[in-house]
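Okay, so here's the structure we're looking at.
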Amino acid sequence: MASHNENDDIPMLPISDPSSRTRARAFTSRSRSVSLSNPTSSIEGFDTSTVVLGYTGPLRTQRRPPLVQMSGPLTSTRKHEPLFLPHPSSDSVGVSSQPERYPSFAALEHKNSSEDEFVLKHANLLRSGQLGMCNDPYCTTCPSYYNRKAAQIPTSRVSALFDSTFHNALYDDAKGWARRFASSVNRYLPGIMNPHAKEVQTWTKFFALSCLLAIFIDPLFFFLIKVQEQNKCIMIDWPMTKAFVAVRSVTDVIFTMNILLQFRLAYVARESTVVGAGQLVSHPKKIALHYLKGKFFLDLFIVMPLPQILILWIIPAHLGASGANYAKNLLRAAVLFQYIPKLYRLLPFLAGQTPTGFIFESAWANFVINLLTFMLAGHVVGSCWYLFGLQRVNQCLRNACGNFGRECQDLIDCGNGNSSVLVRATWKDNASANACFQEDGFPYGIYLKAVNLTNHSNLFTRYSYSLFWGFQQISTLAGNQVPSYFLGEVFFTMGIIGLGLLLFALLIGNMQNFLQALGKRNLEMTLRRRDVEQWMSHRRLPDGIRRRVREAERFNWAATRGVNEELLFENMPDDLQRDIRRHLFKFLKKVRIFSLMDEPILDAIRERLKQRTYIGSSTVLHRGGLVEKMVFIVRGEMESIGEDGSVLPLYEGDVCGEELLTWCLERSSVNPDGTRIRMPSKGLLSSRNVRCVTNVEAFSLSVADLEDVTSLFSRFLRSHRVQGAIRYDSPYWRLRAARQIQVAWRYRRRRLHRLCTPQSSYSL
């Protein structure tokens with residue numbers, strides 16, 4: 001009588017139930033390498049998610065019957081997971097067996113740890129919801145897997161994990177009332193935002209327009225001061241002053257909001273922008289330090305409300321209504337002192353260019369921006385001409401006051417009411433003061449037209465004529481102006497000439513070069529599109545294929561920027577090419593067999609990598625077809641669909657067609673006695689369909705290149721380490737081991753059943 005063991009009642013590899021259903025769970029590890037496989041089995045954790053496992057065809061050795069070679073993955077980050085094929089039961093004849101599902105604590109733990117790692121890495125962006133997502137379908141900076149993962153992970157889990165991890169570090173358990181208040185306020189603040197989010201891009205365009213308004217508004221403060229020819233004095237237009245101060249305050253508020261936005265806006269690390277890829281830095285502390293070390297203090301100086309403080313507080317409180325003359329000098333100093341840094345900071349936005357790319361991409365938009373820049377130069381020159389002309393009128397009145405013989409300095413300010421009516425009437429009739437408003441009364445030079453303009457009551461008229469004068473002088477390089485002997489006037493004329501030359505040399509030349517370069521690229525694209533359209537029309541391709549061809553051409557242009565990297569490498573030294581390829585193709589070492597190879601072999605492989613682009617819904621490999629290349633995904637998402645319908649997603653850093661490497665290595669392998677293993681010339685067949693979910697940038701390695709490398713370095717393949725890695729990572733040997741275990745266990749069950757049957761009959 002055989003003893004009844006408890007473990008014998010529970011089969012180690014039970015027969016799969018035909019009614020069971022499996023679902024393929026997406027791998028969350030970013031370091032895996034998954035490729036094509038045979039009908040897969042799965043291991044199910046307590047969360048009912050399944051782990052998809054793939055298989056490959058046989059690794060042929062000597063004295064083996066011929067088998068059809070199938071494709072499957074070589075490497076996986078999941079270790080110690082049993083692989084097996086579902087075995088149909090006796091009572092399920094004629095019904096296709098379903099993959100078996102088994103509880104696995106390791107799978108559940110690995111899933112949770114992988115998702116937690118993703119959540120911790122991108123917790124700040126995930127908390128922001130839509131503001132943390134990239135809305136650019138042709139983005140070459142943000143990781144394309146982010147949006148999909150962000151949609152799969154619930155916000156509640158993100159918040160809980162983020163709060164438990166970062167709350168103590170950020171707020172020190174909120175021991176003080178200030179920290180508790182900051183902790184409560186932080187819940188209502190927006191999270192870290194993606195620079196490519198739709199809302200952020202809309203704000204950037206709005207901020208660019210507000211920068212244009214801010215640059216135009218500052219010189220307008222000069223037109224608030226005018227001359228009263230009747231009273232021979234200078235005054236401030238206080239009603240218009242309040243309107244200008246309000247507009248300037250609005251632009252300052254917008255700029256302040258943009259400063260606050262920079263502390264919540266993720267940025268792309270420069271060192272990560274390789275092969276079109278980029279890593280978004282979303283840690284709040286790193287973002288704050290990056291901005292503080294950058295242009296924070298310059299932005300803080302620009303946003304300081306100096307004109308508002310002068311007009312609303314300093315002039316009324318200390319100078320009173322008679323402060324027009326002093327206001328002129330203070331405004332000139334404050335506006336010009338703050339205007340130069342503002343131009344340096346805001347002109348890139350005015351040009352439509354930011355660290356994340358162009359704001360206005362069309363040629364006409366850039367043409368309008370360059371035209372507005374030319375208008376800005378005329379606006380600044382005309383405003384300064386009006387201010388300096390007003391200063392020359394003030395100087396003429398001061399000279400007339402010196403010849404007046406009485407204390408009349410206060411009379412130059414219209415708001416002064418301390419002087420008697422008789423003295424003011426005498427000042428009005430002074431011949432020297434009246435001569436200041438005549439053409440030959442004072443050497444005004446280039447400011448002669450500004451004399452009568454300063455006493456015009458209509459502000460729009462004063463500004464329009466000044467703008468016209470500025471345009472005229474920039475366009476003619478001040479060729480029709482002859483300055484007087486006043487040094488300030490001479491230097492101002494020289495500045496106009498230099499600015500005009502600079503605009504023609506840089507702005508006009510830059511606009512011309514930009515239009516020519518843009519036209520050249522557009523011409524190339526237009527010619528290529530025309531050739532493609534003519535070819536498709538000649539071949540009478542259907543509309544669906546034509547649409548895919550157009551999308552492929554567009555994405556290929558967006559991915560390569562019209563630059564052929566192979567042509568760039570041709571004129572570079574060999575060592576420089578090798579170093580560049582080592583830097584670009586670091587993902588090769590994610591494949592386990594490649595990680596065991598020496599650098600010379602990897603360099604030979606890197607030289608043979610070719611850049612490929614695929615559009616969404618493109619088929620990379622199909623079931624029953626030959627596996628002719630290995631594809632390394634750089635950006636985008638693919639999915640591998642098995643024969644049983646299981647779906648396996650592939651992201652950046654993954655590889656499809658990796659079994660091709662083992663197939664080529666086996667063809668170059670040797671037996672322990674040193675003889676070469678004979679392999680048939682038939683190619684490797686794929687058992688899965690691999691298609692693109694999104695647009696994909698990748699590098700491919702053809703089977704001919706792999707065979708070339710293995711033939712060149714065949715000596716290296718005799719290493720026991722490489723041979724062991726080939727057999728360890730081979731899905732065929734794993735499949736064979738799983739089958740042997742299943743056969744042995746079924747044999748043991750039958751023996752136990754035979755031993756238990758006589759005992760049961762005897763007991764009855």
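Placed from the backbone N, Cα and C atoms, the Cβ positions cover glycine too.
From a predicted model like this one, the values you see are computed outputs, not experimental measurements.
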In Swiss-Prot, Lys198 and Pro284 sharing a membrane side | yes
Swiss-Prot annotation of region 'Calmodulin-binding' - which of the ranges 135-151, 543-559, 713-729 it falls on | 713-729
Beyond a gap of at least 6 residues from its ends, the CB atoms lying under 8 Å from the topological domain 'Lumenal' (226-242) belong to 311, 315, 323-325, 327-328, 390, 393-394, 397, 400, 411-415, 424, 427-428, 430, 433-434, 436-437, 454-457, 459, 462
